[in-house]
Amino acid sequence: MLEPLAPIGRDPDTDGYVRDAWSPAEMELREWFAGEAARRGLDLREDRNGNLWAWQGEPGPGRPGVVTGSHLDSVRQGGAYDGPLGVASAFAALDLLRARGVTPARPLGVVCFTDEEGARFGVPCVGSRLLTGALDPARALALKDDDGDTLADVLTKAGRDPGRLGRDDETLSAVGTFVELHVEQGRGLVHEGRPVGVASAIWPHGRWRFDFRGQANHAGTTRLADRDDPMLPFARMVLAAREAAARLGVVATVGKVRVSPGNANAVPGQVSAWLDARGAGERDVRALVRELAEGAGAAVAEESWTPVVSFDEALRDRLARVAGGGGTPAPVLPTGAGHDAGILATAGVPSAMLFVRNPTGVSHSPDEHAEQADCEAGVVALADVLEDLCR
Ligand code: GLV
Ligand code: MN
Ligand code: MN
Ligand code: MN
């Protein structure tokens, strides 16, 4: 099922995917979603925030459905599985239930959340955050991409009404339970020797922008003593982040940097760097950011913060039992990766996640992988879980 998606947004030089929200690549993927829904006779809806829903059976007041799915956008130069595996598996699990002759007693939905990665506008899980009211629509609309286009501009260009963005109780009330299947982004299942696992928790995590300002100047004629070079405090911050993360037992990453004006023969005038910090303990993550901000000599802005997510234990154990296929329950693992399922869980929607083994653990990279047999095991587990939840 992922095969028709393989060329969409693929960079032929790297085999990586660039599937920014609302880009031509993501629009093509949304078309694919609509086609898959139509092929199965599902009722397709786009909600106020651009999330796509395909329903088998009509959800309504007092009749919420069981929903599964994920996202189709990617990080820049991402892999083929982060997101699309969950959406393709959702459709495949519906097919499997039909082949089994199962008539679900509840409406069944497949969802594609928009802009999960935040690759374009900086804030992750924009679609699910807007849906649940966790992101203020005015703030979302003002977010800018690297070209300076706001989300409002981009939505207008895509033929959407930016004025409709915001908390959507009607759509949300249709979701009785949400299950997101995702490629594992680590090697937990490799260590367990199992193809499928269940999420226990998502670490608290956030993104911060550090703006280091200096004085742009000539690289040849400006004496060292006369320089105000923002690259130096930036470099110190990167090293300090690594040292503090190791000391505090968290992870910290500087994966995006913008150097202005970006001349090889000029001292830069400004360096902007994005810090991503996560860990099991919120206090440690906060301590790291505070420590870096205090020592950096930069203007620091929090771009997003996601508190810890502890998935509903009863639902989690039910999934582990069902996904275990009658044998040993599937292993239960925490993750440092953010997901729309976490946003829904925080909003009070009973939510859970299935992970599919990733042989190398590599993710957010073209090297991300999952074996065909493990993907199939994921679909079977998801179908079993949906069948159980729809009783
Ligand atoms: C999403 O994949 C994230 O955890 O950044
Ligand atoms: Mn991701
Ligand atoms: Mn993902
Ligand atoms: Mn010159």
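Quick reminder: no glycine exception, Cβ is built from N, Cα and C everywhere.
Remember, it's a predicted structure, so these values are computed and weren't measured experimentally.
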Same-site Zn(2+) 2 binder from H364, H369, given that TrEMBL records D82, E117: H364
Binding-site annotation, TrEMBL, Zn(2+) 1: partner of D82, H182 in H71, H205: H71
Number of Cβ atoms other than its own within 10 Å, given for R207 (allantoate binding site): 23
Sequence-distant neighbours of E117 (Zn(2+) 2 binding site) in its chain (C-beta under 8 A, six or more apart): A21, H71, D73, S74, V75, G78, G83, P124
Neighbours of H71, D82, H182 excl. site residues, C-beta within 8 Å of centre, Zn(2+) 1: S70, Y81, G83, P84, L85, G86, E116, E180, V183, H339
For N265 (allantoate binding site), the three-state class that DSSP assigns: coil
